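Worksheet: the structure to be examined is printed underneath.
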Amino acid sequence: MTTTLSARAEAAPAPVPPRRPVRGFLARHWYAWAMVTPVVLVLAVLVLYPLAHGVYLSLTNATEMNSGRTIGVNEIPATYEFIGLENYFSVLSGADGAFYPRLLWTVQWTVICVALHYTIGLGLALLLNRALRMRTLYRMLLILPWAVPPFVAAFGWRLILNDEGGLLNAVLNVVGIPGVDWLGQPLAAKVSVIMVNVWLGVPFMMVALLGGLQTVPKELYEAAEMDGASPWQRFRAVTLPGLRPVSGTVILLGTIWTFNQFPVIALLTGGGPGGATNILVTEAYERAFQGIRDYAGAATYGAIIASMLVVFAFLYRRWLQRQTSEVLG
Amino acid sequence: MRARDQRSRLASTGLHTALVGASVIAVFPIAWVVLTSLKTDRDTWARPGELGALGLGNYGQVLGDTQFLTWFGNSLIVATGTTLIGVLISATAGYAASRMRFPGQRPLMWLFLVTQMFPAAVLIVPLYNVLSDLGLLNSYAGLILAQCTIAVPYCAWMLKGYFDTIPVAIDEAGRIDGLSPFGTFWRLIVPLARPGISVTVFYAFVTAWGEVAFAGVFMQSEDRYPLPVGMATFVSDFKAEWGLLTAGSVLVMVPAAVVFFLVQRHLVAGLTAGGVKS
């Protein structure tokens, strides 16, 4: 990685005006390169090499049965073969039967969760962003779900959502509504995992947006009020534009976190029933480590997920740059 | 402004009702875990309406009769190791990315952005093979290395955000007084960034502490499980030791929540700062 960076550096035109010969160039930048080297080395060994290996695996038919392994003193060599893009064809053509349903559910899950995180978080932030008795207490209580490790939260929610002896069904029975098998029916399980993830994710949005609200200058509200703007108009014309930088960031973070949300789904439903709540990430995991381990299939999913994320990051950066230039120009 | 702050009685009631409702939803599941952990009568775990006998029996059992303390120790070792490595090596990179214009900076920021988006699922299979080849499966070192793939990009990203908030004038003053760039970083910036660094430490620690995917696969014997994996074994298809699970949850949750409340204000600033600027 370091070599590619410096090679690229010499090929590219000098970015800073004073052009210097190569020696001056090195003297100028060696501090910076020395400082980033440890990270680049670690990421190269732990991320880029495994990533390349993963892409290679996705082009083979490796499973648990034909991978090299050691049983006692016998070493069994790997017998899997290079099969080209076959895995990708089978996944992307929908032949494996799981990719498109999972993709659709992953998109639904991400969009619904982030939308609910953001609107509920913004609502609560607006409620809290005013002189109010017991404001600190409310704030502390509302942050609590974020303070709890997600795996603990998942255990607690299982206790509430359980089919037999769960609290929610008990309450519903008292009111006279028949209980629902919250973690055992496809639709109910989807509602459940979304509910738990929303519960977990709202506090971060609320705190971040509350911080954002406090940076909006008070004068703008006063001016808007002078001009006779209604509360809704003030919200549209002052609050939302003032929140834009914070909103962009928290929505990006929320999207990444939700797309990759492993613990909630793995610990709450384990992807079930029948894979109905598996998002792409948990689907890949399941392929790799349950039943006969399908390493190649999981690696194919991994590569597809990674390329989707790279495209997403690219679009986001472009959007961010356009936003910044709009503000500056 | 005053006119807007004075609310009618109705508006005030509505406001407090909404906030109380939201607070109850936020707190209730946690309170329910705490309550269940105190129920020593195992029949009442599945009967929400009944309280039965209350006591600390579950806590005694989880501490004395299970491997909870071993798992706790495992989690502590792995999370501490990950945090140390992550913060130490990413601090200088964050500083370089924040202060210096150098060829390769843009690809580096891309690397941070993209790697921190990678879910465990992308890397888990190849990492499994790599660790298996190195004989590091079921070892602390292996899991620490795996967790670093998550921690390093985040730490670098957050620390860059913090360094961006420290005025460049301080660096310039240091340089004029004859410090090298390393000296400036080490003697001026690191002390100033101490709050930011402590938040990054906390965040890296908590992330590694709650990580489930790598931990569930790379640690294969029960005495090496970290907490989330170990505690999940209390409730499976074959048994439902809710008392143990909830008591363990409370023991994990209380210290985490205390530290969390001490640093949370800085945490939000740290998580959002990097994204807005770069």
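Each residue's number is its place along the chain shown, starting with 1.
Here the Cβ of each residue, glycine as well, is placed from N, Cα and C on the backbone.
The following features are taken from TrEMBL:
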{"type": "DOMAIN", "residues": "B:72-263", "note": "domain 'ABC transmembrane type-1'"}
{"type": "TRANSMEM", "residues": "B:12-35", "note": "transmembrane segment"}
{"type": "TRANSMEM", "residues": "B:76-96", "note": "transmembrane segment"}
{"type": "TRANSMEM", "residues": "B:108-128", "note": "transmembrane segment"}
{"type": "TRANSMEM", "residues": "B:140-159", "note": "transmembrane segment"}
{"type": "TRANSMEM", "residues": "B:197-220", "note": "transmembrane segment"}
{"type": "TRANSMEM", "residues": "B:240-263", "note": "transmembrane segment"}
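Through the fold, the transmembrane segment (B:197-220) approaches residues 74-75, 78-80, 82-83, 86-87, 91, 119-121, 124, 127-128, 131, 137-138, 142-143, 146-147, 150-151, 154-155, 158-159, 162, 190, 226-229, 256, 259-260, 263, 266-267, 270-271 of its own chain, all at least 6 residues removed from its boundaries and within a Cβ separation under 8 Å. Long-range contacts of the transmembrane segment (B:140-159) within the same chain: residues 74, 77-79, 81-83, 85-87, 89-91, 93-95, 97, 111-113, 115-116, 118, 120, 123, 127, 131, 134, 193, 196-197, 199-200, 203-204, 207-208, 211, 214-215, 218-219, 224, 226, 270-271, 273-275, each at least 6 residues beyond the stretch ends and with a Cβ under 8 Å from a Cβ of the stretch. Only sequence-distant pairs (6 or more apart) were considered; of these, at least three Cβ pairs between the transmembrane segment (B:12-35) and the transmembrane segment (B:240-263) are under 8 A, so the stretches are in contact.
Below 8 angstroms of C-beta separation, residues 30, 33-34, 36-37, 39-40, 42, 45-46, 57-59, 61-63, 66, 68, 72, 198-199, 202, 206, 209, 227, 231, 234 of the same chain, each at least six residues beyond the ends of the transmembrane segment (B:240-263), sit close to that stretch. The list of residues near the transmembrane segment (B:76-96) in space but at least 6 beyond its ends in sequence, with Cβ under 8 angstroms from a Cβ of it, reads 102, 105, 108, 140-141, 143-144, 147-148, 151-160, 162-163, 185, 189-190, 197, 200-201, 204-206, 208-209, 215, 226.
Counting residues 6+ beyond its ends, the transmembrane segment (B:108-128) has Cβ neighbours under 8 Å at 93, 97, 137, 146, 149-150, 152-154, 156-157, 160, 211, 213-214, 217-218, 278 in the same chain.
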